[in-house]
Every structure is written in structure tokens, then in C-alpha cells.
Amino acid sequence: MSTLENITSSSIIFLLTGVPGLEAFHTWISIPFCLLYITALSGNSLILFAIVTQPSLHEPMYYFLSMLSTTDLGLSISTLVTMLGIFWFDAREISFNACLSQMFFIQLFTVMESSVLLAMAFDRFVAICSPLRYASILTDLKIAQIGVAIITRGTLILTPMVALLKRLSFCRSHVLHHSYCFHPDVMKLSCTDTRINSAVGLTALITTAGVDSVFIIFSYFLIIKTVLSIASPEERKKAFSTCVSHIGAVAVFYIPLISLSFVHRFGKKAPPYVHTLIANAYLLIPPVLNPIIYSVKTKQIRRGVLKVLQLSATKE
């Protein structure tokens, strides 16, 4: 085996990729990305601050929304440095250990977001199907336990997936196809048998987003069944309106995630910019759109955010 083939993972330096073929325009491309990051960070921070400071928002539904905003902030921060570093300074190099760390946190916040969306679906199910038991079921202690379970679940599932990458050696190109470290992308560069890694990665995806999506669909089946049994059209409309924001959040999370998984597995002949577009959409769309969806569709959140902005303006 040649010296090149004996390169171990600990000494590897990966090269991240911006937008293939448009490297000369990276400075200009960074402008919309900066706006998206500013929107994501400011929007989620505002919602989080409004929920923490406004007593009227200290309810289970908004506690879960604060968890969603926290995961969106984590997801944005996990990619901010490498993505803007590429566009602004052409800083493409990333060490293997730094790559693993970024990959772990991206995957962790993704799994946490999926789990939070499931918890929010359960919240809507209890509120509509068992309204009299809502306060007794979703106590502060129960919500805290759900939050701990979400973090623990993601950590236990993802740690083996990321740790198994350290057993690989890399003897081919070290150029990754995204502006951040993505598990399937790193595996493709290995000259070691990656069947175990692939199986563990697929298992992690199925047992998190796959299982969560099934339970979310099932919860909405029960919600729709309950709502349709309500005689009053006004009450039906009111019940459905409380789910609109959550349905929007589910859509903006799962559609890019499923699209990225399909492109990686079945779109090998697709142009490079397609991979780049979907990969960036997968990470940026949910953090950008979730605050907008909840601010527009949820009156209480809109009022809370406006109060925070008014207080800030008054202090200035």
C-alpha cells in the first residue's frame, strides 16, 4: 500500500466548496447568504427573548416554540463560520476533527428539530383531542423532561455515527462538495469499506426523522378525525388555525431534508449547483422561515415580538 493510501484521518485536511463554477462571484453571492443568516439569527433570538420575558407566553405551546428557536439558532451558528469564510476569504480548509465536530452539531440540531416538531405535534394533539387534560398532561416538569429526552436521544444516536468515521482512511480527493461537513459527503472520500458507516447513518436517519415524520402524520390523522367530529364550522376553523404554523414548520423542515437525501442517493448525475442549492436550503430555510411563519400566523407571538421591539426602541 502506498504512502498516499496510508494517510490516516487524524492528519487529513478537507477542502470545503462554495458554489461550483461561480467562485469569482463568491463575494456577491455572500450578500444574500448574509441576509439569510441575519434574518435567522435575529428572528429566532427575538422569538426566544419574547417567550422568556413575556409571562403571557409561558405556556406549553410557546415553550416548545422556544426549543424550536434554540435548535434553529444552533443550526445557523454551526454553519455560519465555514460558509461565510468561504465566500469572504476563500477559507476552504478544515481539519478532520473540526469537520467531525461541525458534522456532529449540524446533525444533532437537525435531529433535535425533528424531535421538537414531533413534541409540538403532540402538544396540538392534546390541546385539540383532550383539552380538559391539557394542563395536567403538559406540566412544566413534563416539558423539561421532554427537552432533556430530545437532547439525550440525538446525542446517543449520532455519537456512534460520527465516531465510526475515525476508523476510516482517505486516499482520494479531499475536496468536499458542500460549504460544511456532511456525513455522506465525507464517506465518499474514504478508500476504506464504508458499508458499516452507511448502514449506521441510514439507521440514524430512519430512527429520527423517519420515525418522527410517521408519528407527526399519525397525530394529524387523529387531530383531523377529532376536528371533523365537531359540529360547529367556527370551532373547526379555530381548531385548524392553531395547527397552521406547526404544519408550515414541518413542511419547511422535511421537504429540504428529504430532497437532500434523495439527491445524495439518486442524483449523482445532477449538476453540482443543484447539490449546493439543496444542501444550503436544507440548513437555511427552516431557521429563516420558522420565525416568519410563527410571527405571521400566531397572534400572541406577534404581540410578544412587537413588545420586545417597542421596549428596545424606548430604551434607546
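Even glycines carry a Cβ here, placed using N, Cα and C.
According to TrEMBL, the feature transmembrane segment maps to 35-52 (among others).
According to TrEMBL, the domain 'G-protein coupled receptors family 1 profile' annotation covers 43-294.
Annotated transmembrane segment per TrEMBL: 64-89 (among others), in sequence order. Under 8 Å from some Cβ of the transmembrane segment (64-89) lie the Cβ atoms of residues 16-18, 26-27, 29-30, 33-34, 37, 40-41, 44-45, 47-48, 51-52, 102, 105-106, 108-110, 112-113, 116-117, 119-120, 123, 143, 147, 150, 179-180, 249, 280, 283-284, 286-287, 290-291, 294, 301, all in the same chain and six or more residues away from its ends.
Per TrEMBL, the feature transmembrane segment maps to 101-122 (among others). Under 8 Å from some Cβ of the transmembrane segment (101-122) lie the Cβ atoms of residues 61, 64-65, 67-68, 71-72, 74-75, 78-79, 82, 94, 146, 149-151, 153-155, 157-159, 161-162, 165, 180-183, 186, 204, 208-209, 212-213, 215-216, 219-220, 246, 249-250, 253, 257, 283, 286, all in the same chain and six or more residues away from its ends.
Within the same chain, residues 9, 60, 63-64, 67, 100, 103-104, 107-108, 111-112, 115-116, 119, 183, 186-187, 196-197, 200-201, 204, 207-208 sit at least 6 positions outside the transmembrane segment (143-165) and bring their C-beta atoms closer than 8 Å to a C-beta of that stretch. Residues annotated as transmembrane segment in TrEMBL: 143-165 (among others).
Taken from TrEMBL, the feature transmembrane segment applies to 199-223 (among others).
Same-chain neighbours of the transmembrane segment (244-267): 68, 110, 113-114, 117, 120-121, 124, 184-185, 205, 209, 213, 216, 220, 274-275, 278-279, 281-282, 285-286, 289-290, 293-294, 297-298, counting only residues six or more beyond its ends whose CB sits under 8 Å from a CB of the stretch. Here TrEMBL flags 244-267 (among others) as transmembrane segment.
Taken from TrEMBL, the feature transmembrane segment covers 273-293 (among others).
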Would you kindly list the residues that approach the transmembrane segment (273-293) from elsewhere in its chain, counting only those six or more residues past its ends and only Cβ-Cβ distances under 8 Å?
17-22, 33, 36-37, 39-40, 43-44, 46-47, 68-69, 72-73, 75-76, 79, 83, 106, 113, 177-180, 182, 245, 248-249, 252-253, 256-257, 259-260, 263-264, 267
Take the domain 'G-protein coupled receptors family 1 profile' (43-294) and average the pLDDT across it for me.
90
